[in-house]
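K.L.:
This structure is in structure tokens; I'll ask about it shortly.
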């Protein structure tokens, strides 16, 4: 392990540390050609890492004056949002529009979306009409749909062309194309009719007509398809790109796998934060003030639930004062129920997200959670009941604790399965709706059961 | 939306419902040629979906007798693990080895790994020596490393070849290659020296020597590199595939983006389940008995914590009996602390997983969580303290509740940030170590603070 792994880090490390100083030195001397040579050897991602470590002034100087526009564009692509937001007001409109012209249209639209309205209009004026129009159209889509994710830099060919003609076109146009793994075949009205992989094309005879080479069963999505569904399709079918069509089945763009990787990671983050009761937008906040605003509303669920639980206890004050030790088991009752709920919830939410639980086996998944909850509740009910019995020397207290844990864990596991699966069926995001509500509800239910059983069995 | 979206579902739906019956009918009549024609029109994933809905006998009959081996292989690839496990003992060794021969080597190794030892040996005997050896080598790697993920069906060329020679080779060998987006360039000792994209190759002049076309800065990983790191590289650099080298820097295989998508989703699931206190292996369990076994140990953390909390309360019995209403606020104190901890934890765990929190800004991330916790604690402390005061008519009880909530939420937020970030620095998976322990610890800490403050301020 160490041998190669450290050699891999060595390959990456010097690109991260030493060159920052070299970049600074060359910048100070205005040695832009040398700078281009230095950064040109690196992957755009690594150059961007170096640039991030410079001051805003240095960053601006570098991007404004570097002679190789491709290099500038590739660095700009890999800069994080924060750095880009700082830089964009500093760059000249001419340079920014030159960069945008070299970007894939989806990245261009994403970057322009960050600009204030007037600057955006000024930028679009500087771009060729066709490109400005394309970007304008992309800006109109919801960023979390196919339209918002897609690029318009796909390579489409007509079904009447031959292999040789396609290869010739490809040679001429390739520099601006983001990804050419699939060639999308359209008819005269630009409707999507087939697909050919680059590999098929390369291995075909030159005179073959595309129509005879293409696959006609093309899986595609509509411009307003949700990103989660697209991620699901690409993951299921192992696609590298997915064509996007408009309402007339005309090819509008493609969504590529690298955009989808980000979506998958983003959706997982959202699921997890929502289950923990954090508004996912909080991840984008860099101030604690903003963060605070996003976490407050979710905690209020917990506070209302807490007060409700307090009310349940208050209503049972007479029971409690005749046997104060009942209170000692509140944390166990609350804790075991809450954890059983969270476990069932996490399994259901991720099961739905990864597709390991489907619409058809929902009922069996819920039944399964129920069985697990009943068994876990029984095991811990007996264990904790026995502890309570011997500790407090009252067999009835043991019985009350045991029965309460058993019933609250069973209810928790069933609700933890039912809620997300039910929400999924109603097409409400299961992660949003379930987390904080469920655990709080289980607290109240558990305590109510506990105190009611106590009143019944202890006759207090 | 509706228009296209429903048309997309229409495209997919009939492949899922109607053809199952058609497949059944053709199977009963042994009409394998018609069957091949029916399924041949579909994507392998959709054919697999149809096959999954058949009985094991039907599945076996179909896979054993279908004439088109490519179709059989593609269906087999997309079958879920469970179906495959049921089928494999039923299929003849001859058929199974024919399927394996047509699979990419990584998939072949994954499938063979599921076989019992003797059957595996029998299968390897039936395969060509070179393939058997490759698969044997792949079986030796940890499945969660580069070696375990990689396929050996990459396309490598020597640096002395010309574009035309490479294209000729590609035409001849393409059928067996899983993915050809990049051509890996090796020297005479098979050491990785460069990379050329298929697009570059297609657009280059025929006489150009690969050495002059290739990029020499190739980012690669060692055979024993961990899958999380590979996922990180592929995501960061937007790679479609990443070459894997052995200890002598010889090219050993490639990891492709579709395998990495699965890893990303898998790692997100693991993070979430661990935070919820479910052993991630439980997701693979299809029996409630197995599931039970995986959830039990984690709940025991909660049970130990609960008992500890009960002990804290028991030790304060005298305080409690002189003012029973103290118990009414247990759920609020426990709930608010636990939720603040979970929120901070989720932000830190996902921040680390997605790279939005890096080693360099850990301290500032912890400080940020601390600030948020202090503020949230103050807001809810004042709110709940006021409620307690008016409800119970005792200003001191309000103060006790307020101070306890404030301090336990602050501690919770700080610990929720410190624990995962600290574990990450120690290279322990932050999600494993943090979840159930943290929330339970906060329960105990919160109650201890509450009861101590009560003794101090209420003089009971």
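Glycine is no exception: its Cβ is also placed from the backbone N, Cα and C atoms.
Remember, TrEMBL labels are computer predictions, not curated facts.
The shown structure was predicted, so the numbers you read here are calculated from the model rather than taken from an experiment.
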K.L.:
Tell me which of B:282-303, B:370-391 corresponds to the transmembrane segment entry in TrEMBL.
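P.N.:
The range carrying the transmembrane segment annotation in TrEMBL is B:370-391.
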K.L.:
Looking only at the domain 'CBS' (B:214-270), what are its DSSP counts of helix, strand and coil residues?
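P.N.:
Its residues fall into 25 helix, 16 strand, 16 coil.
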K.L.:
Given the model, what does the mean pLDDT over the domain 'CBS' (B:150-213) come out as?
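P.N.:
Here the mean pLDDT over the domain 'CBS' (B:150-213) amounts to 83.
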K.L.:
Which residues, given as numbers and ranges, are at least 6 beyond the ends of the transmembrane segment (B:370-391) yet have a Cβ under 8 Å from it?
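P.N.:
Long-range Cβ neighbours of the transmembrane segment (B:370-391): 329, 332, 336, 340, 344, 397-414, 416-417.
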K.L.:
Within the domain 'CBS' (B:150-213), how many residues are helix, strand or coil going by DSSP?
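P.N.:
For the domain 'CBS' (B:150-213), the helix, strand and coil counts are 24 helix, 18 strand, 22 coil.
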